[in-house]
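Visitor: Before anything else, here's the structure in question.
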């Protein structure tokens with residue numbers, strides 16, 4: 001990707017490099033829009049002629065490659081999340097699920113689906129192919145960034161809430177029966193969406209439509225860009241990074257590590273005792289003592305699989321979201337004087353890579369999180385078989401294996417179906 005000289009930074013460059021004139025509005029204003037969005041990559045450049053200096057000259061091969069990747073992610077993500085939503089909408093399917101994990105999966109599927117439907121088409125149009133003018137009006141500009149940020153917050157918080165649900169179900173199963181009632185889970189998820197909307201409200205006042213043509217009248221100069229000062233936008237970026245990445249990542253990492261350690265201990269105890277009996281202890285006085293769970297050899301393998309899934313959840317979240325937020329924070333912590341021609345070009349290619357990873361998260365979540373719940377996975381595959389006759393025929397050819405429920409001795413009544421759900 002090569003940028004027109006009128007938008008390059010006049011910072012000190014490497015020896016032998018030709019310096020570029022400092023634009024009228026400065027590089028920082030241009031980077032604001034890039035750092036905030038999946039949208040208009042050139043939205044706040046200073047221009048003399050709207051149809052020349054606003055252009056970011058991405059080579060056609062990069063455009064085609066990014067478009068192909070986006071389309072593949074769009075198809076996989078929309079199909080996976082739509083089937084998940086359809087599965088959860090079936091009353092018969094819900095009756096076969098014993099825990100509240102399906103509420104969290106449904107909320108996550110909805111936020112991922114909205115990200116793919118709302119953000120990806122706009123980005124392909126207004127950043128990859130047509131950089132200017134902004135075609136959706138001032139209300140569309142503000143609404144786009146508001147909805148996109150709200151769905152981003154919702155996805156991150158839904159991933160964290162799912163980790164909380166799994167932690168309670170596995171490490172505190174008796175307490176979970178009380179805390180994770182259906183009504184409380186619905187209220188909790190509703191609170192997540194309300195908080196996500198409130199956190200995204202600043203975008204309604206941060207972004208707006210401006211005409212950056214030389215005379216302020218040329219229709220080709222309309223761009224969706226930050227309309228507030230640089231310091232305010234930096235605060236918005238930093239708050240977004242903390243609430244949509246650092247905070248959820250902390251919860252996910254800690255809780256999934258605790259769960260993985262618990263499952264690992266159960267596997268080791270089962271292996272040592274030979275007959276597959278493990279003891280899960282709790283420190284709560286209400287739950288007191290311990291209970292023994294007889295684990296068959298096949299279930300030991302399932303526990304190991306559960307540990308791998310938990311680690312994959314953490315790794316996927318970090319890999320897909322960390323580069324995206326690092327790219328946005330580049331604007332906050334790199335001064336105008338530090339931007340060179342090479343760094344500026346790197347930023348734009350890095351932009352495409354990080355946003356692709358951002359969408360990978362929404363596309364793989366239906367696959368990754370169906371591994372979290374064995375019961376939900378069975379219902380999901382059953383729904384897919386109903387929607388796809390070819391898939392139904394392949395499933396009929398596969399041998400079916402019956403799995404005996406885990407035996408359990410305790411002073412408390414606890415359903416074996418819930419135990420299977422808890423242990424994946």
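Backbone N, Cα and C atoms are what each Cβ position is placed from, and that goes for glycine too.
Quick paste of what Swiss-Prot says about this protein:
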{"type": "COMPBIAS", "residues": "403-424", "note": "compositional bias 'Polar residues'"}
{"type": "REGION", "residues": "326-349", "note": "region 'Neurotensin binding'"}
{"type": "TOPO_DOM", "residues": "1-67", "note": "topological domain 'Extracellular'"}
{"type": "TOPO_DOM", "residues": "89-102", "note": "topological domain 'Cytoplasmic'"}
{"type": "TOPO_DOM", "residues": "123-142", "note": "topological domain 'Extracellular'"}
{"type": "TOPO_DOM", "residues": "165-184", "note": "topological domain 'Cytoplasmic'"}
{"type": "TOPO_DOM", "residues": "206-234", "note": "topological domain 'Extracellular'"}
{"type": "TOPO_DOM", "residues": "260-308", "note": "topological domain 'Cytoplasmic'"}
{"type": "TOPO_DOM", "residues": "331-348", "note": "topological domain 'Extracellular'"}
{"type": "TOPO_DOM", "residues": "370-424", "note": "topological domain 'Cytoplasmic'"}
{"type": "TRANSMEM", "residues": "68-88", "note": "transmembrane segment"}
{"type": "TRANSMEM", "residues": "103-122", "note": "transmembrane segment"}
{"type": "TRANSMEM", "residues": "143-164", "note": "transmembrane segment"}
{"type": "TRANSMEM", "residues": "185-205", "note": "transmembrane segment"}
{"type": "TRANSMEM", "residues": "235-259", "note": "transmembrane segment"}
{"type": "TRANSMEM", "residues": "309-330", "note": "transmembrane segment"}
{"type": "TRANSMEM", "residues": "349-369", "note": "transmembrane segment"}
Visitor: Among 68-88, 103-122, 143-164, which stretch has the most Cβ pairs under 8 Å to the transmembrane segment (235-259)?
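Guide: Ranked by Cβ pairs under 8 Å, first place goes to 143-164.
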Visitor: Provide the three-state DSSP residue tally for the topological domain 'Extracellular' (123-142): helix first, then strand, then coil.
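Guide: Secondary-structure composition of the topological domain 'Extracellular' (123-142): 13 helix, 0 strand, 7 coil.
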Visitor: For the topological domain 'Extracellular' (331-348), jot down how many residues DSSP puts in helix, in strand and in coil.
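Guide: Helix (H, G, I), strand (E, B), coil: 14 helix, 0 strand, 4 coil.
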